[in-house]
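S.K.: Quick one: structure below, then a few questions.
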Amino acid sequence: MSDSPMAPPRSFLWSRRIFLTLLTGFVLVPVYVMVSSSLKPLADVTGTFRWLPSGLTLRPYVDIWSTVPLATYFVNSLIVAGAATICSVMIAVFAAYAVSRYDFRGKRVFTVTVLSTQMFPGILFLLPLFLIYVNIGNATGIALFGSRGGLILTYLTFSLPFSIWMLIGYFDSVPRELDEAALVDGCGPLGALLRIVVPAAIPGIVAVAVYAFMTAWGEVLFASVMTDDTTRTLAVGLQGYSTLNDVYWNQIMAASLVVSVPVVAGFLLLQRYLVAGLTAGAVK
Amino acid sequence: MTTTAFKEPVRETSPAATREPRRRTGRIRRTSLPYLLLLPALLLELLVHLVPMVIGIVMSFKELTQFYIRDWGSAPWSGLGNYKVSVDFDAPVGEALLHSFFVTVGFTLLSVGLCWLIGTAAAVFMQDTFRGRGLLRALFLVPYALPVYAAVITWVFMFQHDNGLVNHVLHDQLHLTGKPSFWLIGDNSFYALLTVSVWKGWPFAFLIVTAGLQNIPRELYEAAALDGAGTWQQIRRITLPSLRPVNQVLVLVLFLWTFNDFNTPYVLFGKAAPEAADLVSVHIYQASFVTWNFGTGSAMSVLLLLFLLVVTGGYLLLTSRGRRAFDV
């Protein structure tokens, strides 16, 4: 629209200005509260709210690590979300390649089933899954309940349906002639996938990885039931600050900021891939 | 996006080119290959989603209280007992579930509507390039990128009665309320939940619509402009109709996510949600884990799933037919 012969009318420009200004305010206020409160002394966050801190302090950022074992939670979240992302992306790439490039019996059933799992209320399979993990543990000695492994397994399936769906669309947009050429050259189907299709679909794969990581990093329900003291993730651990007698809001805000920075930074760096990936895949 | 694919050079012939004699095994492998590729995804979906769902359905027919939790197989069958309790709207359990259901439906419709409206408006307004657009786009995605608990905890702080920002602005600065209000308990909690949900949810609609807009051919706008259509008319005649297929999926996904959302109300209110904001997912969680009555909790979950199945099926049928009629 930008190089259309007619410039947009004033009414459009003004509506845009007003709407985007209000929206920016709505988006920014909580972010501002988070950042500014994390730098306030305790007195500022226990009394009436102040827009401006009476003095700036980095104390909350020092104290958060000793009030609750935040470092342990951080490492747990990093391991769980990282492993879930890597596994989820690999599995989704294989599955999406099969659906995109082959005709086989049950293809439609597979895609519909996988997608419909998105509809399940998490609460429906929370308890059964809990029982399955406990029973697998009792029968085989593989500790899934209370371990990071069980959480990794659970989280990677959360992002799998959306990842497969998006990558199918993305792989479809990679011309078939390219992998046919690779097959003629003797690559084999897996070679064609890894050498031709995957490199061409990097934006889509990055987008899927970002999505998978965010899903795992932010999940609360299963984390609150399936972890114990040593495997607790940030999603549950962060609530530790508010169960204390005094609510250290400045520390809570500092901790929230610290746990947000990795995902928000990663997301903003890679968001152009996400938009490109969605454009080519999901919303085609 | 196909251009990036073409830039990728086709690699040199690999040494594995001499496979001609094994053509037959190759064919067998080729027919089983898609299944092999799907196997990991299939196994995991079975383990984590489908098998638990079946077990959940079985559990809904059992009288599964804390006495049987160690050995749930030995819990006595109760037939439709759990379902009867759940839908007996004159008794407290059923009445509470029905109330929670209506709250959830109202909340979901409002939240999805607002998320869609704000997301679409922002995406359409930002279709043209202008100074600062990239920065603004990144900023708008921050609520979506923030981990749910970090974002919601910040809102909890803002909604505090004594030291929160919301009361400070509404009461101390604008004098709109006679005395500071409670936001996380009582009737106001519904609006608090809605605000947080929209704040977190609209960037997803923005993201999807932004991506959808990039697939609208530029020629359409150029042709419309030549025909004398102004900016507003182009939005109404070209942009919005072209977004129909995107919206069909987007609204459904937003609906399912919002309806099933557990994280936001759980972090906002803790284990006991106020009645006015008693979303069904938290309600069932409470019915199961607080009262330790897993049979009834499972029956409620199954009813919820049935409802979502019917709504999704009806929605897809309706929108697809509508779209077909539209195309003709």
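Note: Cβ is positioned from N, Cα and C throughout, glycine not excepted.
Caution: TrEMBL annotation is automatic and unverified by curators.
Sharing the features that TrEMBL gives for it:
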- B:101-315: domain 'ABC transmembrane type-1' (DOMAIN)
- B:1-24: region 'Disordered' (REGION)
- B:33-61: transmembrane segment (TRANSMEM)
- B:101-126: transmembrane segment (TRANSMEM)
- B:138-158: transmembrane segment (TRANSMEM)
- B:190-213: transmembrane segment (TRANSMEM)
- B:242-259: transmembrane segment (TRANSMEM)
- B:298-318: transmembrane segment (TRANSMEM)
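Provide an account of the burial state, proximal residues and distances for the features listed.
M.R.: A Cβ distance under 8 Å defines the sequence-distant neighbours of the transmembrane segment (B:138-158), meaning residues of its chain 6+ beyond its ends; these are 122, 164-166, 184, 192, 195-196, 199-200, 202-204, 206-207, 263-264, 267-268.
Sequence-distant contacts of the transmembrane segment (B:242-259) (same chain, six or more residues past either end, CB-CB distance under 8 Å): 104, 107-108, 111-112, 115-116, 120, 197, 201, 204-205, 208-209, 211-213, 215-216, 220, 280, 308, 311-312, 315-316, 319-320, 323, 326.
Residues of the same chain lying 6 or more positions beyond the ends of the transmembrane segment (B:298-318) and with a Cβ under 8 Å from any Cβ of it are 53, 56-57, 59-61, 64, 82-83, 85-87, 97, 252, 255-256, 259-260, 280, 283-284, 287-288.
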S.K.: Against which stretches of its own chain does the transmembrane segment (B:33-61) lie, if we need a Cβ under 8 Å and a gap of at least six residues from its ends?
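M.R.: Counting only partners 6 or more residues beyond its ends, the transmembrane segment (B:33-61) has Cβ contacts under 8 Å with 72, 77-80, 82-83, 294-295, 298-299, 301-302, 305.
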